[in-house]
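Notes follow the structure.
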Amino acid sequence: MPWTSIFADRRSRHTFIYSKSSVYVFPPLINRYGKRFSIAELIAAGHVSFYSNGKRPSENIDIISIYQTSPLSGSRIPKINPRTGEFTGGMHTNYGSFSSSKYEEKEVNIAHNSESEEDKDEEEEKEKEENTKHYSSMDSYNSDERPQAPSRSRSRPRYRRPSRRTGNSYWVALITVGTPGQPFYVLPDTGSSDFWVPGVTCGNLCGGTHVFNPNASSTYVPWDKDFFLFYVNGASINGTFANDTVDIGGISISHQPFAIVNSAIGVAGVEFDGILGMAFPAAAVGGENPVIYSMYLAGKLKLPIFTFWFEPVPTGSDTGELILGSYDTTKFVGCFTYVPVNIQRHWQFIADSISLSVGSNTTTIATSFRAAFDTGYSIAFVGPVVYVNTIYEMLEAVFDPTFGLYAIDCHTKPLSTFPNISLTISGVPFVLTPPMYTLIFGNSSSYMCYVLIQAIDVPDDDTDIWIFGTFFMNRFYTIFDMQKNRIGIARSSLYSVIQTEPITLPTNQ
C-alpha cells in the first residue's frame, strides 16, 4: 500500500488506515481506568509512534514497512465482530492517562475532531439543562411561532452504525437535484445528517440507477471541500461537496450543500441512489445544515417537524409516508407521547426500559438507556450484546449463519406463545407482539421465522446505544420536532396488521 492518511472515529475510538484496496482497522487503547483512546489521537499528541525510535510522523506513513501481516492471538487481544468488522474491545495498558496539554491545533494527516474536557463539560451542562424540560402529549403548535435556529457544533457522528441490510428491504423517497431537476431515489435516514448522491465517475460502484451530472444543472455551484465517510462494515465513499437546488415533494431549497460521490467501496448492489440524512446539523461531516434543516430555517415548512409512517406489511410500491412540515391524522390513533432528545446530534433519547412479557410474567431486560429511532435500519432493533443475548435465550432463538439472523421455532409452537417486547418511553409502553418482531421467510410448506433483532455493541461515548429501525417504527407514527428537539410517537392506524403468508427467501444479502 502506498502513502496514506489516518482517520479516527471519535466515539468508538477506532483508528482507520484507508487505501484504494484495503481498510486497516486498529482497536482503541484502554487505560487502567477503562477510558478509551484512539491510536490516531495518541499519534497526533505525540504519545504513540509507529516507529521504534518514537519519532512523530511529519508526513504520510508508509504502512507497508510496519504492517504486522501475521494474526495475533491471546486472551488480551480484542475480538472482532464478524458482521460489523468492529473490535468488541481494545488493547489494555497499565498507563493511567495521557496529558491533553500535548495536543496541538496543527493537524498531521489525521482527520480527528477532538474536544477539550472544558468544552465537553460545558456542552453536557447545556444538554442537561435542555433535558429538564417536560413536554406533554397534548402540546400543540401556534401557527405564529417563529422557528428558532438550533445550536450547531462541528463533530463526528455520535455513533457508528453497523451494516443495515436485512432481507433486502429499503424505504426510499423520490427527490430531485439541480435545474432542471435530476431524479434520485434516496434512503431518508434519521441516523445521519449528510445528503449524498452518486456522481458520473462512480457508476455502478455506488449502486442505484441514477447519477448526478453537474453540467446538466444551471444552478450547480462547486464547493472546494472533500467528502469522506467510512462505515464499520467496510464500506466507504469518497467525493466532493457542492451546492444546488434540492426538491422534496414540491418543497425546494436553493444553494443546498450536498456531496457528489466519485468513488465507493462496498456500496455496489444497493437499490437506492443515495442517502438523505435527516439528523441534527452537529452530525454533518462538513458542518453543513441537512436539507430538512435548511428548509426549516428558511421558513419553507408549515410546522417545524417531519413525520414518518410505514405500512407494516407492504402491499405495493407506495406504502409509506414522509411528510415535511405536517402530519397525517388518518395514520395514527390516540395521542402522541413525547420524549426530549438528550443529545442533539442524532435523534436519540433516554428510554425508560425494555422488557419481555408472557401473560402476567414480565422480565425487564434494561432500564434508563440511550436509544435512537433510525430509518436507515430495516430491522426491529439493535441492542448491546449482553442484553440482546438474554432476549435470544428467552426466545430460545438459534443463530442461522446463512442469513446472519436468529430463528425461533414457530413450527411446533405458535407465535402467540412467544413473549411480547415492550419499549417504555416517558412512562408509556410501546408493545411489539411476536408477529411484529419476526419475519417469515419461505413458502407455506417450508418456512423459517427470523427474529429481526441484532446483538451489536454500538458505542456512544461511555455506553452502548439501542437503535430502533423501521421494523419497529412501522407499528407507530413518529414525529421529529426540530424546534422543540423532541420525538413524538403514537400507535399506527395499521398497528394490528401482521404478516400472514411467508415471503420469498432473498437471493443475496
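Each Cβ is built from the backbone N, Cα and C atoms, and glycine gets one as well.
Neighbours of Asp189 (active site), defined as other CB atoms within 10 A of its CB across all chains, total 24. Annotated active site per TrEMBL: Asp189 (among others), in sequence order.
The feature active site is assigned by TrEMBL to Asp374 (among others). All protein chains considered, the CB of Asp374 (active site) has 27 other CB atoms within 10 Å.
The compositional bias 'Acidic residues' annotation in TrEMBL covers 116-127.
Marked as compositional bias 'Basic residues' by TrEMBL: 153-164.
The disulfide bond feature in TrEMBL is assigned to Cys202-Cys206 (among others). Listed in sequence order, Pro198, Gly199, Ile237, Val261, Ala264, Val267, Ala268, Asp273, Gly274 are the same-chain residues six or more apart from Cys206 (disulfide bond) with CB atoms under 8 A from its CB.
The disulfide bond annotation in TrEMBL covers Cys410-Cys449 (among others). A C-beta separation below 8 Å, combined with a sequence spacing of at least six in one chain, links Cys410 (disulfide bond) to Thr438, Ile440, Cys449.
Annotation comment: TrEMBL describes 171-490 as domain 'Peptidase A1'. Summarised as a single figure, the pLDDT of the domain 'Peptidase A1' (171-490) averages 92.
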Checklist outcome for this item: Between the C-alpha atoms of Asp374 (active site) and Asp189 (active site), the distance in angstrom, to the nearest integer, is 7
Next on the checklist: What's the number of neighbouring CB atoms sitting within 10 A of the CB on Cys202 (disulfide bond)?
Outcome noted: 23
Checklist entry - How many Å lie between the Cα of Asp189 (active site) and the Cα of Cys202 (disulfide bond)? => result 21
Checklist entry - Hey, what's the Cβ neighbour count for Cys449 (disulfide bond) at 10 Å? => result 23
